[in-house]
Amino acid sequence: MDAFHVSSQAAEPLLRTTGFAAAAASSQAPHPTYRVRTQAQGGELPSSGDAGDCAAAEEFSWASVILPFLFPALGGLLFGYDIGATSGASISLQVSGSLYGALGGSIIAYRIADFLGRRVELLTAASLYIFGALVTGFAPNFVVLIIGRLLYGIGIGLAMHGAPLYIAETSPSQIRGTLISLKELFIVLGILFGYLVGSLEIDVVGGWRYMFGFSAPLAAIMAVAMWTLPSSPRWLLLRAVQGKGSVEDNKKKAIQALRSLRGQSRSDRVLADEIDDTLASIKAAYAEQVSEGNIWEIFQGASLKAFIIGGGLVLFQQITGQPSVLYYATSILQTAGFAAASDAARVSILIGLSKLLMTGVAVFKVDDIGRRPLLIGGVGGIAVSLFLLAAYYKILNSFPFVAVGALLLYVGSYQVSFGPISWLMVSEIFPLRTRGRGISLAVLTNFGSNALVTFAFSPLQQYLGPANMFLLFGAISLLSLVFVILNVPETKGLTLEEIESKILK
């Protein structure tokens with residue numbers, strides 16, 4: 001018998017090459033490459049070949065970008081898996097300690113992430129995932145269970161900060177937005193996987209142990225995989241410019257890291273030229289800065305405007321009821337007429353598939369349709385779905401398909417709006433000087449509001465009743481729609497420099 005049972009962007013990537021360098025790299029590439037010629041961003045690049053070439057040629061091989069994206073994205077998948085597993089485990093176990101751990105991890109990331117670097121931050125996250133999953137799965141009592149959930153949650157906080165930074169700093173600029181948005185797809189895949197495991201273990205005594213413990217081998221894969229990747233070349237150069245390391249030593253390390261990321265076929269001259277160009281752009285960005293600033297700099301000038309936009313999006317992402325719908329989807333479905341726990345868990349899989357489909361729509365259409373149209377349409381759908389849930393509990397309780405349809409509408413609308421686009425906007429909107437700290441505060445805002453809503457869910461349900469609770473979330477979603485219309489700009493087609501100069505000034 002079970003021991004106990006409880007009921008209840010970053011900066012521009014290192015692919016900027018001049019005509020000669022691009023031609024040299026192209027002639028040696030072992031995989032199909034893609035070249036996009038764009039105007040040099042952030043000023044004219046030094047020429048390493050044709051002096052008259054004033055455009056920067058960027059080329060990349062899909063084979064070279066897969067692993068630097070895939071391995072950090074596993075951190076998002078493990079976050080999503082925890083959401084799905086928690087939904088299934090909530091049938092017999094009411095615990096959400098990972099949320100508070102994620103909040104603590106976000107605070108830790110603000111202070112030490114730039115010191116550790118993106119790779120070490122993700123390795124630390126993977127280690128915490130492993131220990132958290134194992135401690136939870138083998139917990140002999142409730143206190144140890146909570147400790148395991150907190151450890152896992154700290155890993156979530158670090159992973160959700162480090163993954164987008166590492167991906168952005170190692171990916172080609174022309175697909176940076178797509179790759180960052182694809183990380184959300186991995187979160188959805190994790191949620192779906194968690195729902196699936198939950199449906200298989202829902203009727204097993206102590207099945208929640210397997211639900212949470214199963215993430216340990218996945219986290220081990222992430223740890224081993226991240227160990228094989230190099231540090232972000234951009235981070236190495238940033239440390240040198242900030243006076244935290246030798247410029248020459250860090251340049252050598254950055255060249256080695258870039259060679260590891262791009263393959264052995266790139267010549268030393270090509271790699272050195274790319275590193276020199278990137279180092280020059282970083283120095284130019286810091287040329288007029290006399291100090292590193294202080295902790296309050298994020299709340300001043302352009303950084304404050306960016307934080308209002310990015311922080312506002314991730315705040316409304318949570319306080320429109322998202323934690324309640326995701327973490328307690330199975331319980332909501334049971335009240336909608338799916339009395340058997342296994343039935344509700346299987347419907348949760350349907351919800352996960354809906355999230356996956358709609359996330360794919362957002363990922364592949366965001367650069368065509370734009371950020372604002374998807375946000376406005378999606379948030380409008382969220383409001384409609386929440387009012388439908390309220391109507392179900394008030395007057396339509398004999399029609400369980402209304403609740404299921406409202407849940408599907410909610411998750412679909414969320415996945416084309418707040419889900420991927422909030423984090424894409426966060427990665428784009430902050431100025432270079434405060435981008436790392438800005439993303440840290442956005443993650444902190446996200447998990448802080450997530451924890452607040454999750455903590456308040458049961459009291460709200462008790463004192464307001466589900467109908468009035470969803471009416472409250474619906475009203476908040478209307479406020480978020482007004483916020484998006486009045487404050488969120490369209491960044492489609494703009495470079496990071498253009499966003500900073502045209503939107504934040």
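Each Cβ is built from the backbone N, Cα and C atoms, and glycine gets one as well.
Feature list (source: TrEMBL):
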- 1-492: domain 'Major facilitator superfamily (MFS) profile' (DOMAIN)
- 60-79: transmembrane segment (TRANSMEM)
- 91-110: transmembrane segment (TRANSMEM)
- 122-144: transmembrane segment (TRANSMEM)
- 150-168: transmembrane segment (TRANSMEM)
- 180-198: transmembrane segment (TRANSMEM)
- 210-229: transmembrane segment (TRANSMEM)
- 374-393: transmembrane segment (TRANSMEM)
- 399-426: transmembrane segment (TRANSMEM)
- 438-457: transmembrane segment (TRANSMEM)
- 469-488: transmembrane segment (TRANSMEM)
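Remote same-chain residues near the transmembrane segment (374-393) are listed as 313, 316, 320-321, 336, 362, 365-366, 399, 402-403, 405-407, 409-410, 412-418, 421, 465-468, 470-471, 473-474, 477-478, 480-481, 484-485, 488 (criterion: CB distance under 8 Å, separation of at least six residues from the stretch ends). 150-168 is the stretch from 60-79, 122-144, 150-168, 210-229, 399-426 with the greatest number of Cβ pairs below 8 Å to the transmembrane segment (438-457). Counting Cβ pairs under 8 Å that are 6 or more residues apart, the transmembrane segment (150-168) and the transmembrane segment (469-488) reach fewer than 3 and are not in contact. Here the transmembrane segment (399-426) does not touch the transmembrane segment (122-144). Their Cβ atoms form fewer than 3 pairs under 8 Å, with each pair 6 or more residues apart. When Cβ-Cβ distances below 8 Å are used as the criterion, the transmembrane segment (180-198) is approached by residues 9, 69, 72-74, 76-89, 163-164, 167-168, 210-211, 214, 326, 330, 345, 348-349, 351-353, 355-356, 359-360, 362-363, 366, 415, 419-421, 423-424, 427 of the same chain, each at least six residues removed from its ends. Cβ atoms under 8 Å from those of the transmembrane segment (122-144) belong to residues 3-4, 6, 71-72, 74-75, 78, 98, 101, 105, 116, 150-156, 158-159, 162-163, 166, 209-210, 212-216, 218-220, 222-223, 226-227 of the same chain, restricted to positions at least 6 beyond its ends. The domain 'Major facilitator superfamily (MFS) profile' (1-492) scores a mean pLDDT of 76 in the predicted structure. Residues 67-68, 70-72, 74-75, 77-78, 81-82, 85, 88-89, 119, 122-123, 126-127, 129-130, 133-134, 136-138, 148, 152, 155, 194, 197-198, 201, 204, 260-261 of the same chain sit 6 or more residues outside the transmembrane segment (210-229) yet have a Cβ under 8 Å from a Cβ within it.
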